[in-house]
Amino acid sequence: MHCLRDEDALIPSPRGSLPKVCGALVAAIATGGLLLLSPGRLIHLVALATLIVTLGPLLHGLYLLLEELLHHSNTRYRGRSLLGHVLPACGLGPKTLLAAAMAALLLYLTRHSLMHKGQSWELVVLVPVLYALFKCLGVLGPSEVEVSDICEERKMNVAHGLAWSFYLGYLQLVLPSLEKSIDSFRGSHRDSFWGRGSQKLLILIPLNANISHKLEDEDGNIQFYDSLPNSELDRAGVRGRVYKHSVYRVKDKRGKAHDCAVEYATPLLTLYRMSQERSAGFGASERRQQVLLFYRTLRDVLDQSLECRNRYRLILIKDEHEDDPNFLSNTILRHLEQQNKEEFCLNGAPQQETNKPVEVEDWRNSEPMSREPTLMISLDRPQPLRGPVEDTDSFRAT
């Protein structure tokens, strides 16, 4: 549990709706203040402010629409309809248009209460023009938080694509047959040290994304032992593409060996190489953020996968361990020990055999069960409720 709490403290959670709540609260307070100060002009002021605010994005959307129609209509939209695709892509969606139309209608209906008409209409013209100018120059561009929120909400990050590719192109193919491969390996290697909780594939995800191709180069307590039986699948025109897992022998402080199938998440190589290329525009801070998003996305995807359930374990490795040469082996052993405890809790302790069997008549005086009762779920269709039917024929027969 301590390890899980550490991971939860590192992994960024999805952003919430606090900005929306703050915006609604401040708008309500401002509206209430105007209602007390100028109750007769409230509707007009709200309509005027709404029109000014919405005309700016509409004008900027028209600039974007002109660019798209002149230079990108064929390459980006390929003949798709103007109303259904191009206008919403430029920010001229139905919500913005409806808000501007409603504001203009209210402003027209309350024009009699307008004071200083010239100044008000000057603001209606000047504010949208300046807004569109500042928007085009990037002065009013979206902040990094807004861009990050949009990318996470729409699954547009590099980490999302890598996580789904890792799942669909690898884990979903190999994890369903992992248990059979481990059983076959244990049958052919009598000297192996497989624990009850090591029947899963350990997937290492370091935060710095800097991984080596051989685990023994990072930790002296880890040695390559052998490989699990190969899995061959026909994929993308390749006949008999080979998928394999390496088995490593990890020694604890007492020198006891523990065998397990462990490997790094290979998409991290892509993230690390991207951070080394200038053209990728990918720094160390962005790489770390993408690694955390990769872990969160992969965890969420695997949690929903029935084929991969209970066949893997994701291990997030911090990068503050330069002083510990055996950090990697200790981390693996800690997760193996946690798996053994989980298997023990799920399966329960082995039932104790007794010399005297419990008779049916002595069920009230029988000993307590050696393990917790399990919940049995029936897959049969539910039957209608009905009262017991006496079988008189059986009594006559006896």
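Backbone N, Cα and C atoms are what each Cβ position is placed from, and that goes for glycine too.
Among the features that TrEMBL reports, compositional bias 'Basic and acidic residues' is placed at 356-365.
Annotation comment: TrEMBL describes 44-155 as domain 'STING transmembrane'.
Positions annotated as domain 'STING ligand-binding' by TrEMBL: 157-340.
For 346-398, the entry in TrEMBL reads region 'Disordered'.
Among the features that TrEMBL reports, transmembrane segment is placed at 18-38 (among others). Long-range Cβ contacts of the transmembrane segment (18-38) within its own chain (Cβ-Cβ under 8 Å, at least 6 residues beyond either end) map to 45-46.
Here the transmembrane segment (45-66) has long-range neighbours at 31, 34, 38, 86-87, 90-92, 96-97, 99-100, 102-104, 106-107, 110, 120, 123-124, 127-132, 135-136, meaning same-chain residues at least 6 beyond its ends whose C-beta is under 8 angstroms from one of its own. Annotation source TrEMBL lists transmembrane segment at 45-66 (among others).
As annotated by TrEMBL, transmembrane segment applies to 86-109 (among others).
As annotated by TrEMBL, transmembrane segment applies to 121-141 (among others). Long-range Cβ contacts of the transmembrane segment (121-141) within its own chain (Cβ-Cβ under 8 Å, at least 6 residues beyond either end) map to 48, 51-52, 55-60, 63.
According to TrEMBL, the feature transmembrane segment maps to 161-178 (among others).
Across the residues of the domain 'STING ligand-binding' (157-340), the predicted structure has a mean pLDDT of 88.
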